[in-house]
Amino acid sequence: PKMKEDHCLHTALLCLGVLCYSHGLSTEKLNHSRPSLHGHHEKGKEGQVLHRSKRGWVWNQFFVIEEYTGPDPVLVGRLHSDIDSGDGNIKYILSGEGAGIIFVIDDKSGNIHATKTLDREERAQYTLTAQAVDRNTNRPLEPPSEFIVKVQDINDNPPEFLHENYHANVPERSNVGTSVIQVTASDADDPTYGNSAKLVYSILEGQPYFSVEAQTGIIRTALPNMDREAKEEYHVVIQAKDMGGHMGGLSGTTKVTITLTDVNDNPPKFPQSVYQMSVSEAAVPGEEVGRVKAKDPDIGENGLVAYSIIDGDGMDMFEITTDYETQEGVVKLKKTLDYETKKSYSLKVEAANVHIDPKFISNGPFKDTVTVKIAVEDADEPPVFLKPGYIFEVQENAASGTVVGKVHAKDPDAANSAIRYSIDRHTDLERYFVINAEDGNIKTIKALDREEMAWHNISVFAVEVHKQHQEAKVPVAIKVVDVNDNAPKFAAAYEAFVCENARSNQQFITISADDKDDSANGPRFIFSLPPEIIHNPNFTLRDNRDNTASVLVRREGFSRQKQDLYLLPIVISDGGVPPLSSTNTLTIRVCGCDSGGSLLSCNAEAYVLNAGLSTGALIAILACIVILLVIVVLFVTLKRQKKEPLIVFEEEDVRENIITYDDEGGGEEDTEAFDIATLQNPDGINGFIPRKDIKPEYQYLPRPGLRPAPNSVDVDDFINTRIQEADNDPTAPPYDSIQIYGYEGRGSVAGSLSSLESATTDSDLDYDYLQNWGPRFKKLADLYGSKDTFDDDS
């Protein structure tokens, strides 16, 4: 039906175009009866003559409907020139946008057809140029003129949304009409022609919770008090329809996912009214006792809950903190429990929202309370000392067995077991103390010295008699009380100097004292001279009453030559009860001083310096010592020099033990390898070197005494003989030698090993002894044995 409707509309428009074309043609023909290109004259204002050009083309603006799917090409219009007489001499030519491809013209009649389906959304109009030319000469008969072919729109494009899916959020419990999101669709059809692009929005799914404005596409809430805890997500389908929403219009849809965001509209609630917990009395403070949790259906910060203890007899013993990860209240022990004192506690715990929305304060209160009952469990506790620590005092030098003090512990359990005490020996390595295991009395084992150690810090263990694993430990500090057992002494090793020209009552040194005892038994110090020298004619002492004393000269004039050293005894007493004193000796040296009292020299030998050696004599002695040292060094250097050798060998006689193994070897004469005379080539010495590639002309005679006995197989004797010859050889040098094996040796009993000479060489050597060398030499014995032996064998 749609195709039929479009075809009828297209036909009507085409007829309308043809009517306009015919009307224009008639009008033009009425206005221009002659095919002349000249215009006629018209008078304008003020007598001005206006020339109007004569128009030779006759047509109106053409239209063609898009998306035409008929079987024949669409007739767009017809072009005709008033000079066309219909004899076929005029040829119509079409050029421009789409000419020859989309639009074709009949060159005789001027009819223009559209050969392809047109889409207005791709192109809305085409500009073409028409011209009439002489068919035979192609000469233009009229100037070219432009005309426009407009593509007429039809509703062939449905609306399309910018996104296929939309996501939006709106707070729960929003008022009706709260804007959620705006969706927008577009239509590719011509908005200026008809209602093809006029869109209307409607909601297909999502009612009755949401609505949409028909003209704007704004989605709004349609129900009040939508609760996220009941339903969090909604799926809405929005439709956009063209043709103003009327029947026959095209439509498009989109999906919108709307999520309700949370607000704090729910208070926390405990799932039960009472929580039961238990904790051992042995638990330490900070240990977790249990957990409570109030449920809040809100999420995020709206669901945050804080816990607190608001009442109960256990407020001082317990505390509660919030675990924000699990939203639980953690009950913890605050102080140490005692089952024997109190066996149960009750707490009133409150859970309240952290963030409260004022808009929903009427839904409150946003908190809840619960009762927590905690039972204390009995535990086998270790002994408990009555004090956390003990401090005792004992006098130094007290006799062994002196009681220092007493510690006491008890079993807190109902059994009240007996307690035994002991000292941690790691804290009393010197074993100064001992404790009574039954009653806890601490006594000394040996005398204590305050000056050595003023405080002793030990630890005492208390364990139950029947449960050794239950023990307690307490620190015990023992102060050693000072007694006056140390006499004062000089604070330093004083050495005084007095000038020979010192004046009477002149002070030359101030001394002080030191006492190892405590301040109660130390200062104030009293300085005095012993009674026997209180009237000392040389020096006197003055107590300054500030724990110091000054030593003064009693008489004038001292002489180093008479006496250069004085020893002055001084008595120092402390302020202890009873007081102790000691006698200390002050060394006083007599020195030479200038008129201002500055020391020059304190040596008595300075006056007899002229009786000794002079400076020149000392220099002479030093010079003699230096000369003596030089002589000793030269002598040692000469001793270390090596003596020159008595025998100087020529450079060519210095030989190293270099052995070359790339030659055949010297045969049996290798036994004389250490004999340099034997290893030398006698033929080479005489200037004759035999050639090894030809048969020799004569045989070398063996050396006398070198031929072994025919039947001798004693190799040991053979070697000993060679050693004896080498030892008795006067030409054998006592130095290293170069051993050359390039010469086989003359007179070898084995001769040449070459098989070329074996059969032809006439040799007078006797090889019969090879018969006695065993089976390994049997083949040689057969080859080189005497003819008689061969005959015998045969």
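The backbone N, Cα and C atoms fix where each Cβ goes, and this holds for glycine too.
The signal peptide annotation in TrEMBL covers 1-24.
When pLDDT values are averaged over the domain 'Cadherin' (81-161), the model yields 84. What TrEMBL lists as domain 'Cadherin' is 81-161 (among others).
With helix defined as DSSP H, G or I and strand as E or B, the domain 'Cadherin' (162-270) counts 3 helix, 47 strand, 59 coil. The domain 'Cadherin' annotation in TrEMBL covers 162-270 (among others).
Annotated domain 'Cadherin' per TrEMBL: 271-385 (among others), in sequence order.
The feature domain 'Cadherin' is assigned by TrEMBL to 386-490 (among others).
Here the domain 'Cadherin' (490-607) is broken down by DSSP into helix, strand and coil counts: 10 helix, 53 strand, 55 coil. Annotation comment: TrEMBL describes 490-607 (among others) as domain 'Cadherin'.
Per TrEMBL, transmembrane segment is recorded for 617-638.
Residue counts for the domain 'Cadherin' (271-385) under DSSP, helix first, then strand, then coil, are 10 helix, 56 strand, 49 coil. The DSSP breakdown of the domain 'Cadherin' (81-161) into helical (H, G, I), extended (E, B) and coil residues amounts to 0 helix, 37 strand, 44 coil.
Among residues of the same chain six or more beyond the transmembrane segment (617-638), none has a C-beta under 8 A of the stretch's C-beta atoms.
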